[in-house]
């Protein structure tokens, strides 16, 4: 008969690998800051792969529809492909042939429909994902979303080897992939919000949010590199990558301090020691320490009523309309715009488009840092959106002059377009998800994040769809649409901007007089 110790060892080894790993982590007693580092790194790479899989469609778009007239330009050397549609369906695909049904006269419209189908399902799914995320284990929820995304992204690419030319096959794959993709953002923001306090939140999340641009760059480079081997690889490889990362998330991600027995008091002590907290006489962590109270998940309607949620959500609608139009159409636009009198290949256009995302990295960091220093999220976001208007105009008007000019103006556009997008989806969402009206309830983070980003994703679906139709007549009209959207995005924050300016003026006037404040300033409405 086996001894008790042998039985215990046998039971331990019979447990799933993930459970054994977490038991080890709890016994290891890592410091609070070590756990925070793990959270930042794991969620960073997790969402990087989300965006890498999302970016591939924009790179492959030109290969699927090479002879489209959507850019409003003439390409006599490509019109010859239209006379032999049967050849484009042959099993041995060559870059430049296109792929039925996207290489016909309505190819651009069909590609636009794929974009809007993906983003529409993504936007709808976002609302449900936030609701579920506040009621489930976020680690499991995120893992399922990543593996599902990888599976259906890969199945889209399988259409290449299976010689599939049915539009509805690709439409269904995109829609299901969009549904799984919607699990990502509410989950990662909620996990990061569980671990990090309000101190320097804008800067930390601005740096962390670089995963969006890094993911776009990675997706662009992978898809562009593999395109010459067959466009299917441009989907399958990113799909396998996100599925693998999903497994790592399941093994490594601690969703909250309580899940690993970490001591939240360490962060509270750091907050007490900070000069700002000493002046304010408060040591309040992001989610509070109301562990004795049973938290109840906040309802959908209740979350909409949190002050500041609605204006930022509708602002993000227009901000993401601009950002996602660039995400899905920039490589296509570059490849069909003569730069120094020359047209670039699909691979070169895809690689060149990454400079927009490089600018987005800097924009996200700057927006977060400036909003921390000014303690003014709305002022920062609105200012960036207004600056995006002349940046878009100059890129359209002068981007064709030279490669250097195109890169510089594209970089500036990326900085001003992605800066407020990054700020609103990270620091602002975390601020509102832990608003004082919630009395420290942490069960609102995923729901609030989903409402804000879900509303923004509706705009993200509309922008690429409209571009698919408007660009058939004029790309200048597309840029006019984008500039108008940036203007509306800034105007929607006017009330919050006025409130923040009034608060700064009042604070300036009160300097020198003794004042006791019980908490960090909240977003005003």
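In case you wondered, yes, glycine gets a Cβ from its N, Cα and C as well.
Matching 71-93, 140-162 against TrEMBL, the residues noted as transmembrane segment span 140-162.
When the ranges 270-295, 478-503 are checked against TrEMBL, the one recorded as transmembrane segment is 478-503.
Tallying C-beta pairs under 8 angstroms between the transmembrane segment (444-466) and each of 30-50, 140-162, 235-255, 401-423, 478-503 places 478-503 first.
If one looks beyond the transmembrane segment (235-255) by at least 6 residues along the same chain, the residues whose Cβ comes under 8 Å of a Cβ in the stretch are 17-18, 21, 25, 35, 38-39, 42-43, 45-46, 49-50, 52-53, 56, 60, 137-140, 142-147, 149-154, 156-158, 191, 194-195, 219, 222-223, 226, 262.
Looking at 30-50, 140-162, 208-229, 378-395, 478-503, the range that has the most CB pairs within less than 8 A of the transmembrane segment (309-330) turns out to be 478-503. Of the candidate ranges 30-50, 109-128, 168-196, 350-371, 401-423, 350-371 contributes the most Cβ pairs within a distance under 8 Å of the transmembrane segment (208-229).
Per-residue confidence over the domain 'Major facilitator superfamily (MFS) profile' (39-502) averages 80 (mean pLDDT, predicted model). Of the two recorded stretches, the transmembrane segment (140-162) lies close to the transmembrane segment (168-196), with three or more CB pairs under 8 Å once pairs fewer than 6 apart in sequence are set aside.
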